[in-house]
Amino acid sequence: MTADELVFFVNGKKVVEKNADPETTLLAYLRRKLGLRGTKLGCGEGGCGACTVMLSKYDRLQDKIIHFSANACLAPICTLHHVAVTTVEGIGSTKTRLHPVQERIAKSHGSQCGFCTPGIVMSMYTLLRNQPEPTVEEIEDAFQGNLCRCTGYRPILQGFRTFAKNGGCCGGNGNNPNCCMNQKKDHTVTLSPSLFNPEEFMPLDPTQEPIFPPELLRLKDVPPKQLRFEGERVTWIQASTLKELLDLKAQHPEAKLVVGNTEIGIEMKFKNQLFPMIICPAWIPELNAVEHGPEGISFGAACALSSVEKTLLEAVAKLPTQKTEVFRGVLEQLRWFAGKQVKSVASLGGNIITASPISDLNPVFMASGTKLTIVSRGTRRTVPMDHTFFPSYRKTLLGPEEILLSIEIPYSREDEFFSAFKQASRREDDIAKVTCGMRVLFQPGSMQVKELALCYGGMADRTISALKTTQKQLSKFWNEKLLQDVCAGLAEELSLSPDAPGGMIEFRRTLTLSFFFKFYLTVLKKLGKDSKDKCGKLDPTYTSATLLFQKDPPANIQLFQEVPNGQSKEDTVGRPLPHLAAAMQASGEAVYCDDIPRYENELFLRLVTSTRAHAKIKSIDVSEAQKVPGFVCFLSADDIPGSNETGLFNDETVFAKDTVTCVGHIIGAVVADTPEHAERAAHVVKVTYEDLPAIITIEDAIKNNSFYGSELKIEKGDLKKGFSEADNVVSGELYIGGQDHFYLETHCTIAIPKGEEGEMELFVSTQNAMKTQSFVAKMLGVPVNRILVRVKRMGGGFGGKETRSTLVSVAVALAAYKTGHPVRCMLDRNEDMLITGGRHPFLARYKVGFMKTGTIVALEVDHYSNAGNSRDLSHSIMERALFHMDNCYKIPNIRGTGRLCKTNLSSNTAFRGFGGPQALFIAENWMSEVAVTCGLPAEEVRWKNMYKEGDLTHFNQRLEGFSVPRCWDECLKSSQYYARKSEVDKFNKENCWKKRGLCIIPTKFGISFTVPFLNQAGALIHVYTDGSVLVSHGGTEMGQGLHTKMVQVASKALKIPISKIYISETSTNTVPNSSPTAASVSTDIYGQAVYEACQTILKRLEPFKKKNPDGSWEDWVMAAYQDRVSLSTTGFYRTPNLGYSFETNSGNAFHYFTYGVACSEVEIDCLTGDHKNLRTDIVMDVGSSLNPAIDIGQVEGAFVQGLGLFTLEELHYSPEGSLHTRGPSTYKIPAFGSIPTEFRVSLLRDCPNKKAIYASKAVGEPPLFLGASVFFAIKDAIRAARAQHTNNNTKELFRLDSPATPEKIRNACVDKFTTLCVTGAPGNCKPWSLRV
């Protein structure tokens, strides 16, 4: 049968595809076929929003054009017939004119690495196409499906709030009555000049937007016809009528029905499932109809969730409250269901038929008595969605030929009450741990239960109803007795086995009770004054437990020191200059590694990795892979011409030879003609193993004495004497989990063989061009000078591309060498997370001695890190941990030790902070325990033990310019700490089930590589005869603004405008032997190298300036050229006076320190473990800021990354060492709604740093630890909750490991519900996940 043509429009241009493949996504088509590379691949599963585009189509039922955002990574091109697609390139560019959305995110400093920026731009653009004057709330909601790892979100929201009709941001000028700064009474703030000026923004003119293609509009009256598209493996049929659909389903009962592809697409990509026949019913009128009937509202099964949401919101606004109880429950679930990109395309029927055991909506439909109409050819039936509808895992009552036609959501009745609840790791766009719908109907005029339905997701392999428990409550009265009976019944009926998938057994069981308690209280509250004698009364301190989460109006302040009066306007140092690439990033024009156009005859590589943690490789069978179309070759260790040894210590392999030592260990690689063929071929390579004993956890390693190297140790004073003199000694153990880098751009390399003398050029997303160059040369067996590595920019790095990027680069280089073709590989998100490792998990065993006054006299801490299957940077990371075990506190007698645990996990590596945050966290934990034990305020004990200017640290480095006391005082004052502490105490007395906590903590972070030889930098400057300057340096740009700062440095040094200076890329043939862009030192060392090069140029131009003092820069340059004076020079810098000895505990480990203080306030829900970040104040000493906008962006971004580390991000490993959390659906980084409602950052004034370029300081890593202020505020709130249930025992010490997830918070708030759900694991039980 002949395939149809696919017709759609992209940015106003008609596209006719004669060979549409159903397996091709819109993202792949845009990037490869149309060359529109502004739309990015971040995850491939619709979880990050980097691929967001706007889709527009004529809606026949509504008789209008509709615009909606969608994930291009999930959208099959076959769904786009007669649809108009708008990408970031289609709304504006730097070559023509930026769209106001693009301009505002760029000028408000909302783009750092820029990889997420096009997707965020398109989410905002789509909102404005639908709502030209949105509210602040609508703006925030528009980004539920977008993630950013760099900025901390504040500048994006603040820039886009200028579009809002209510509370539009004035950028800090204070001239807007709705200014976020005026919303809070705070007279302690001295306003700085604004980070941006909204008056410079172009106005939004909705009349200037591109029109919907007239050709598509002319087709609105043409009846749609059935379409058929034939791909390599899949046939796609677009049915146009219900009869066609039912006939097709009868002919192809095994066919999958797809509307939004948000589920099937995931199964095909990540579970390697193949569905040869797909039928799309999205056009069928009956499946899109909405009918308001006498018993409820009926929705066609293909209705998008966003349209369901809109309809229900309208109904709630119009109908009496009593009729809309169920609607409001559905809306509460939809509110947090997913981002708009998913809700706009995912169908209501698809969500039901998917039959997910953790569905947000199915428990609501089951509890409410929702009715489903099911049809097939010749049959039609209506069934209630009750406990029988899901007979088993992922199964429904539908027969093979049946389809779901419509869903009727009922009106609620008189005396009927309904609630829905969901708890996830993150509030926005997250899958549920437990979800539920709850309904009670009372006998008329009484509080006697007539019907009770409690339905849950996440408590079995399907959505279930607690029938045993509910049936016992019929005719009972709604009172405390019923509450106790239901809770006891649920605890017994809804049990989970200790090895249940998803883990978190006690947490999930407790949630079932907590949710019912909330429902019970909510019903009592609604009953209010009408409650009868037999109905319980609502305790006023319980009221807040019934409140649903509400977003408060945001308030953001950024304070910095303005430049001195008289500073030249051309001198941009100290000014809030936007990132120089921000406009290109916002328009999609900025080029990342995978954006480089394809080369002729380019091939694609896919890695083959181990599925065992520790095993011998018995055989590798590639026969099935060879059958895949486009297969070129399989590469193994036998194909390597040079050395298979790689890694910093030669303890790794390019490809595993005989043994694999972790799940994800690279065994080989498949090369093919397309990425899809390479992926398919890699999946069918068969490896057989002989398993060996594996060590997964830190505890396993300690037990088996499995370590790298010997113990590291720093010791000072007399520990024995210190402990003997102490009034109190507290000892304990603490664990801090790992963290994935989750840079939005995964690892990517393109290798181009040059064909002469082993030459090869590589484009790489790496922080370490030098190691990439040397590792590739070693693997190929050629001199390093034959390998050229080029880095334009990265879409984030955070340490994850310091060494682990070489894993991909050496494999791709080998493929290019073997085939003679250019070869490209960009890892999928799930591969990237599996293979490349992350932040080291730490276990600490500590003992601290202190006086009754809180003065610490002795400290001993043993640190253990999970290094993984190679040394990598683990030794240096442990060194830095030991250097930071004191934080800001003077401890006279101290000993710290460190061991690197050798385990069978992917090697852990550098991550922003580099061991510092782990040790600092441990320090603040024992510090808080000292305060609790002494019965003293924590802030008092911290202050009492704080270093003073000139003190020696435990590693005997003198503290110069110690500004923590200044930061501390300013933070106490600006945060109104003591007044708010009283308010927190008052809140906690008045609220039983919600508690608030407040914490202020300092940080001290050493600046330098701890390996002295790395503290060197080179720069190369070319001045051209037109006066333009090209700067090259050894540092790489990953969003931190390094190139921008280097241009500022050169501009100031040469006294020329920044417009004359350009940095193109980082390459090994311009600046060789460069240290990795890491340790926060790049601005310091490369800034000084650029400065030195500039001084050389100035010295050479000096004679010509003297000859022509009134001349211009161009005149002097031309005169020098004509006099044959070199206008090219290098600059070099080495950091002085470095070199610490562990043997003698002497010498400087660091050049200087960066300091800061943060105060955070949180509110926790004691019943669910949810928490809300209310406010954070940060005071940071960054010296004399080179660029306050970039530095504040680094402070906020680092803080939010730290907030993720300490409260949200959790890696789950199976007992066999396999990573469960391999993408944004299961691994949660902070989202837009995770940041503090009030977010205030102040750069300390008048604190120049004489040790760095233009008196500045490093800023990249130091603020990250301040995210722990949120963790300890949470712990403060938990302490209040525990005290309430333990007769006010405020001196209780309890362990809270990091991260403080909802599970840990809820389990720590011990109460009558948690005691009912204690679960003991049998000794032979294998848990779902391990703490590694």
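Yeah, the Cβs are placed from backbone N, Cα and C, and that goes for glycine too.
Copied from Swiss-Prot, the annotated features are:
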- 4-91: domain '2Fe-2S ferredoxin-type' (DOMAIN)
- Cys113, Cys116, Cys148, Cys150: [2Fe-2S] cluster 2 binding site (BINDING)
- 229-414: domain 'FAD-binding PCMH-type' (DOMAIN)
- Cys535-Cys992: disulfide bond (DISULFID)
- Gln767, Phe798, Arg912, Ala1079: Mo-molybdopterin binding site (BINDING)
- Glu802, Arg880, Phe914, Thr1010: substrate binding site (BINDING)
- Glu1261: active site, proton acceptor (ACT_SITE)
What are the DSSP helix/strand/coil residue counts across the domain '2Fe-2S ferredoxin-type' (4-91)?
15 helix, 31 strand, 42 coil
Give me the Cα-Cα distance between Cys992 (disulfide bond) and Cys113 ([2Fe-2S] cluster 2 binding site), rounded to a whole Å.
44
Minimal Cβ count within 10 Å, across the binding-site residues Gln767, Thr1010, points to Thr1010
Going by C-beta under 8 A and a gap of 6 or more residues, the same-chain neighbours of Ala1079 (Mo-molybdopterin binding site) are Phe914, Ile1007, Ser1008, Phe1009, Leu1014, Glu1261
Within 10 Å of Phe798 (Mo-molybdopterin binding site) (Cα basis), scanning binding-site residues Cys113, Cys116, Cys150, Thr1010, I find Cys150
DSSP on Arg880 (substrate binding site), three-state: which is it?
helix
Near the Cβ of Glu802 (substrate binding site), how many other Cβ atoms are there if near means within 10 Å?
25
Counting Cβ atoms within 10 Å of each candidate's own Cβ, which of the recorded positions Cys148, Cys992 comes out highest?
Cys148
Between Gln767 (Mo-molybdopterin binding site) and Cys113 ([2Fe-2S] cluster 2 binding site), find the distance joining the two CA atoms and give it rounded to the nearest Å.
13
Same-chain neighbours of the [2Fe-2S] cluster 2 site, Cβ within 8 Å of the mean position of the Cβ atoms of Cys113, Cys116, Cys148, Cys150 and not counting those residues, run in sequence order as Ser111, Gln112, Gly114, Phe115, Thr117, Arg149, Thr151, Leu744, Gly795, Gly796, Gly1039
Chain-mates of Glu802, Arg880, Phe914, Thr1010 with C-beta within 8 Å of site centroid, substrate
Leu873, Ser876, Ile877, Glu879, Ala910, Gly915, Gly916, Phe1009, Ala1078, Ala1079
Please give me the CB contact count at 10 A for Arg912 (Mo-molybdopterin binding site), counting all chains in the structure.
26
Which residues does Cys113 ([2Fe-2S] cluster 2 binding site) neighbour through Cβ under 8 Å, counting only same-chain ones at least six apart?
Arg149, Cys150, Gln585, Tyr743, Leu744, Glu745, Arg793, Met794, Gly795, Gly796, Gly797, Met1038, Gly1039
Over all pairs in Glu802, Arg880, Phe914, Thr1010, the listed substrate binding residues, work out the largest Cα-Cα distance in Å.
17
If you measure between the CA atoms of Thr1010 (substrate binding site) and Arg912 (Mo-molybdopterin binding site) and round to the nearest Å, you get 15
